[in-house]
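Participant: I am attaching a structure below and will ask some questions about it afterwards.
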Amino acid sequence: MQLNPSEISELLKSRIEGLGASTDVRTQGTVVSVTDGITRIHGLSDVMQGEMLEFPNNVFGLALNLERDSVGAVILGDYTGVSEGDQVKTTGRILEVPVGPELRGRVVNTLGLPIDGKGPINTKETDIIEKVAPGVIARRSVSQPLQTGIKAIDSMVPIGRGQRELIIGDRQTGKTAVAVDTIISQKGKGVTCVYVAIGQKASTINNVVRKLEEHGAMEYTIVVAASASDSAAMQYLAAYAGCTMGEYFRDRGEDALIIYDDLTKQAWAYRQVSLLLRRPPGREAYPGDVFYLHSRLLERAARVNEEYVEKFTNGAVKGKTGSLTALPIIETQAGDVSAFVPTNVISITDGQIFLETDLFNAGVRPAINAGISVSRVGGAAQTKVVKKLSGGIRTDLAQYRELAAFAQFASDLDDATRRQLERGKRVVELLKQPQYQPLQVWELAVSLYTVNNGYLDDVDVAQVLSFEKSLKDQLKAKHAALIQRIEDTKELSKDDEAELAAAVQDFKKHGAF
């Protein structure tokens with residue numbers, strides 16, 4: 001076959017054009033050392049802070065320390081397969097996790113991979129785990145209630161959608177129980193829940209998942225689990241991964257609730273990572289940015305306005321506000337709320353629910369100390385009927401605690417003091433509540449109404465809870481319309497109040513409890 005010179009050049013041109021070669025420029029480095037999930041890498045000159053790094057055998061890491069001649073990175077997952085001399089590549093991406101409604105009902109790890117043995121999760125989107133919180137202009141004030149179903153909280157420390165309310169207390173005081181009851185209480189209310197378990201035993205996490213399944217709560221809940229056996233890096237990042245999953249719903253005009261159980265263990269994990277990366281330690285050996293660790297996480301919980309949602313969804317969702325409510329949990333040591341991490345988180349959040357060991361051991365469960373528990377913004381979000389009826393509860397309790405201390409020394413008490421003490425005992429008894437039994441609004445309203453109007457004053461303290469239960473059973477049987485009106489309107493009109501008063505009086509005369 002004869003080709004003249006001009007044809008040769010044309011043929012070469014067409015061949016070169018048809019190659020379609022693409023260049024993938026990526027910096028490559030070498031592992032210098034690996035210790036406890038921390039690796040030092042030489043040669044990654046243009047790596048970004050927080051960038052994902054690719055190790056051999058499909059292992060990924062996260063660049064955290066950018067030094068002059070090396071990079072300090074944490075390995076996500078099993079680090080035993082990484083050794084000195086391995087080649088590491090930059091990916092040009094920061095850490096992302098899968099997001100979307102497909103995650104509901106599943107248990108995933110920090111990276112969003114399923115660990116519940118129910119097969120793969122077919123999510124359509126991913127999102128970065130470190131995001132900037134919505135600005136002041138994008139936010140709406142907290143004005144919608146988030147019912148926990150717990151009498152003591154909904155009446156005295158109300159929580160609103162978009163609020164950050166800290167649950168703080170020693171170990172074994174019922175912190176997780178409050179959080180789980182709150183999740184169960186969201187059934188049928190259109191709230192997607194995210195439960196982030198950090199540094200807990202796998203058996204404990206399994207118990208929580210089982211309880212949520214038993215009460216039909218897993219269908220609207222995502223569980224992000226970083227157990228005690230996971231690496232410190234996975235434990236420290238789990239909260240951010242869970243927050244991103246919750247933000248997916250907030251940004252689309254829906255309501256979400258996220259529980260971090262608990263941020264003390266996350267701070268421990270971050271301290272461990274920081275010390276291994278040779279960052280200078282500060283107070284209690286925590287690194288200097290441990291406040292920022294929690295503030296940038298908790299500031300992402302917010303109620304965003306209609307304009308933010310409309311802009312985010314490119315006009316697909318209009319006229320809807322979205323919210324992400326956060327309930328971080330902090331474990332104290334011997335009731336010391338003035339330690340470093342507790343004071344940090346108290347200053348970041350919009351209030352705290354303080355659980356006390358002494359109350360818990362005395363049988364007051366949930367063991368909420370009403371004196372120092374506070375909700376800074378939830379009052380504006382409280383339902384009208386509960387707000388109307390719960391005004392006297394906190395005062396009664398505060399006076400009771402004060403008088404009870406004096407009554408130990410005084411033998412003869414005047415009638416007014418004795419009445420206040422008796423009322424206080426009944427309030428304390430009424431606020432007790434079994435686990436996994438969150439109340440509806442009408443049930444809370446009836447309980448508050450009976451104690452406020454003195455209907456419990458002549459009921460024996462030991463019979464207060466059985467009186468409450470029997471009364472509600474009778475109301476369900478004979479006054480279903482009244483219950484429905486209170487539940488629908490969240491108000492107690494004069495006519496409804498008169499009907500409720502007559503029903504309670506009738507029950508006291510003829511009811512058995």
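Just so you know, glycine gets a Cβ as well, placed from its N, Cα and C.
The ATP binding site annotation in Swiss-Prot covers GLY169, ASP170, ARG171, GLN172, THR173, GLY174, LYS175, THR176. Marked as site 'Required for activity' by Swiss-Prot: SER373.
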Participant: Using a 10 Å cut-off, grab the number of neighbouring Cβ atoms around the Cβ of THR176 (ATP binding site), all chains included.
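Facilitator: Taking every protein chain into account, the count is 21.
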Participant: May I ask you to report the DSSP-based helix, strand or coil state of THR176 (ATP binding site)?
Facilitator: helix
Participant: For a quick check of packing: other C-beta atoms within 10 Å of the C-beta of THR173 (ATP binding site), how many?
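Facilitator: Around THR173 (ATP binding site), other Cβ atoms within 10 Å: 26.
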Participant: Starting from the Cβ centroid of GLY169, ASP170, ARG171, GLN172, THR173, GLY174, LYS175, THR176, the recorded ATP site, name every other residue in that chain with its Cβ within 8 Å, sequence order please.
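Facilitator: Everything else in range on the chain: GLU331, LEU355, THR357, PHE360, ALA367.
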Participant: Run through the Cβ atoms and count how many others sit within 10 Å of the one on GLY174 (ATP binding site).
Facilitator: 19
Participant: Which whole-number value in Å describes the distance between the Cα atoms of SER373 (site 'Required for activity') and GLY169 (ATP binding site)?
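Facilitator: SER373 (site 'Required for activity') to GLY169 (ATP binding site), Cα-Cα distance: 11 Å.
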Participant: Which has the fewest other CB atoms in a 10 Å radius around its CB: GLN172, SER373, the listed recorded positions?
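Facilitator: Across GLN172, SER373, these recorded positions, the one with fewest Cβ atoms within 10 Å is GLN172.
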Participant: Restricting to the same chain and to sequence separations of six or more, state which residues have a Cβ under 8 Å from that of LYS175 (ATP binding site).
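Facilitator: Looking at Cβ-Cβ distances below 8 Å from LYS175 (ATP binding site), excluding near sequence neighbours, one finds ILE167, ILE168, GLY169, ASP261, ASP262, ILE329, GLU331, LEU355.
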Participant: With a 10 Å radius around each C-beta, find which of these binding-site residues (GLY169, ARG171) has the fewest other C-beta atoms nearby.
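Facilitator: Among the binding-site residues GLY169, ARG171, the sparsest Cβ neighbourhood within 10 Å belongs to ARG171.
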Participant: Let's check the environment of ASP170 (ATP binding site): how many other CB atoms sit within 10 Å of its CB?
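Facilitator: The answer is 18 other Cβ atoms.
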